[in-house]
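> Feature annotation from TrEMBL assigns domain 'Amidase' to 72-524. The active site, charge relay system feature in TrEMBL is assigned to K127, S202. Taken from TrEMBL, the feature active site, acyl-ester intermediate applies to S226.
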Amino acid sequence: MKMLSTLQTPRSLSRFSLLLPSAVTTTTSSHFSSNSLPHASLSDQSTAVPPQSQILSIRHSLLSRQVTAVDLAQSYLTRLRLTEPQLHSFLHIPDDSAVLAEARELDRRIDGGEEVGPLAGVFVAVKDNICTADMPSTAGSRILQGYRPPFDATAVKRVKELGGIIVGKTNLDEFGMGSTTEGSAFQVTSNPWDVSRVPGGSSGGSAAAVSARQCVVSLGSDTGGSVRQPASFCGVVGLKPTYGRVSRFGLMAYASSLDAIGCFGSSVADAGILLNAIAGHDKFDATSSKQDVPNFLPHFVSESSLGSKPLKGLRVGLIRETIDDGVDSGVISAIREAALHFEELGCSVNEVSLPSFSLGLPAYYILASSESSSNLSRYDGIRYGNQVFADELDSLYGNSRAQGFGSEVKMRILMGTYALSAGYYDAYYKRAQQVRTIIRNSFKEALNQNDILISPAAPSAAYKIGAKKNDPLAMYAGDIMTVNVNLAGLPALVLPCGFVDDGPAGLPVGLQMIGAAFDEGELLRVGHIFEQTLNKFRFVPPIVADSIA
């Protein structure tokens with residue numbers, strides 16, 4: 001096991017020619033191109049090639065033997081090692097020999113004419129609060145430093161069964177509690193678009209890894225926006241499925257009624273294919289749904305096969321409260337441009353008011369903190385967690401938790417314990433649950449009148465590292481766009497829709513699309529068409545633009 005923080009910063013990324021599968025034509029039955037073109041300047045964003053599925057392109061290239069799995073693995077490992085000293089996306093990576101051994105076995109199976117899974121040869125990164133049997137799983141916390149679970153999370157198990165190669169465990173805010181990945185006990189991850197800025201959180205490492213093409217896709221977790229907000233900050237696609245669509249078995253619990261394992265990709269198709277791989281009922285998670293998981297692949301048609309108004313008749317509701325005061329003007333402009341693009345595609349776009357929208361943030365932090373105070377009680381140095389020796393049992397518990405948990409986790413445990421305490425339960429927890437019902441009903445009503453709802457994924461683009469670290473209320477306010485979706489248990493897709501003029505090459509802005517429960521297919525269909533027809537932008541960060549042909 002290697003910690004990448006010991007590697008030297010590369011002098012230049014452009015000196016290395018990194019291997020990528022060749023492009024192939026996109027149809028519903030053939031394969032997408034994995035071409036990723038360098039990001040054009042904000043003043044010259046004309047006719048960019050839309051992002052294509054790297055997963056399908058890799059599969060085509062491997063099966064046609066245009067490239068070997070070993071060559072592909074070496075290519076990604078090279079890029080990972082070149083960029084990692086600047087980004088710190090990963091907490092743990094396996095030895096190259098282990099990854100290459102998996103690639104050689106895949107080559108052997110393909111050469112022998114054996115069937116291989118739909119994720120064969122695909123590099124997948126996994127957030128470090130999702131259990132992996134062959135790698136440490138720390139949740140970004142000192143209390144679990146060095147912990148190796150005896151099993152794989154169901155989502156990880158399914159990725160492996162379908163041929164995916166786990167490239168490493170990504171950095172996160174401790175136990176998922178944070179919005180910047182600065183809350184990790186081990187290191188701070190940087191944004192590939194500007195290394196002086198945060199990648200978002202808590203799944204910042206997973207988002208940064210996909211953005212910098214250190215992997216093809218990645219798994220994250222979303223309790224209040226922890227997939228969608230970093231997707232927006234890093235210019236990638238982030239998908240939070242309906243609560244219960246993906247098994248939570250093996251996900252270290254933060255707030256059990258809100259947690260969801262989500263997907264990152266550089267295209268809508270890749271995020272959808274990964275969701276197809278991990279979704280479905282699991283006997284080890286009583287909250288996982290038994291609803292059938294549809295095949296999302298037919299939704300990912302080529303741009304050339306789309307008509308002039310491919311979304312004609314779709315009703316889109318722009319949530320008025322999300323483009324109001326407190327949202328950066330550049331973000332509002334990008335979202336309004338996205339709304340105009342929907343109209344060009346044939347949609348009817350109307351503003352929708354959700355008066356209960358502002359109530360979501362306080363209700364979320366009461367509920368999430370309350371559930372975390374219960375869930376994290378297991379980390380006491382005896383059942384789970386590193387133990388600090390003491391003569392008395394109470395001291396052992398207290399010292400193990402005091403030295404193992406970081407300040408943000410301690411604060412949320414205290415807030416949650418207070419909200420659940422006798423005399424305060426009705427005033428806080430019960431009232432927050434009542435607000436949750438109001439929010440769920442308001443979404444239901446809005447989605448009865450609209451097919452999808454749209455909003456920004458965050459009130460701003462990525463901000464500087466340290467800018468909000470000492471102002472927790474300002475950091476919490478950044479979750480205003482996303483927490484309501486978790487409270488309602490709905491699916492949401494974030495995809496990049498534009499830029500704000502900041503940083504060395506602009507900073508990406510994410511559009512959030514919200515759908516009805518278990519309607520991920522419609523979100524993926526609409527998101528794919530939006531993405532394929534948005535020809536003004538390329539979302540490849542400067543750190544890797546020169547090295548991607």
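For all residues, glycine too, the Cβ spot is worked out from N, Cα and C.
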> Between the Cα atoms of S226 (active site, acyl-ester intermediate) and S202 (active site, charge relay system), what distance do you get, rounded to the nearest Å?
5
> Using C-alpha atoms only, work out the spacing between S202 (active site, charge relay system) and K127 (active site, charge relay system) and round it to an integer in Å.
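It is 9 Å, counting Cα to Cα.
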> Neighbour count, 10 Å Cβ-Cβ cut-off, for S202 (active site, charge relay system): what number do you get?
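A 10 Å sphere around the Cβ of S202 (active site, charge relay system) contains 34 other Cβ atoms.
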> At a 10 A cut-off on CB-CB distances, which of the active-site residues K127, S226 has the highest count?
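Counting every other Cβ within 10 Å of each candidate, the maximum falls on S226.
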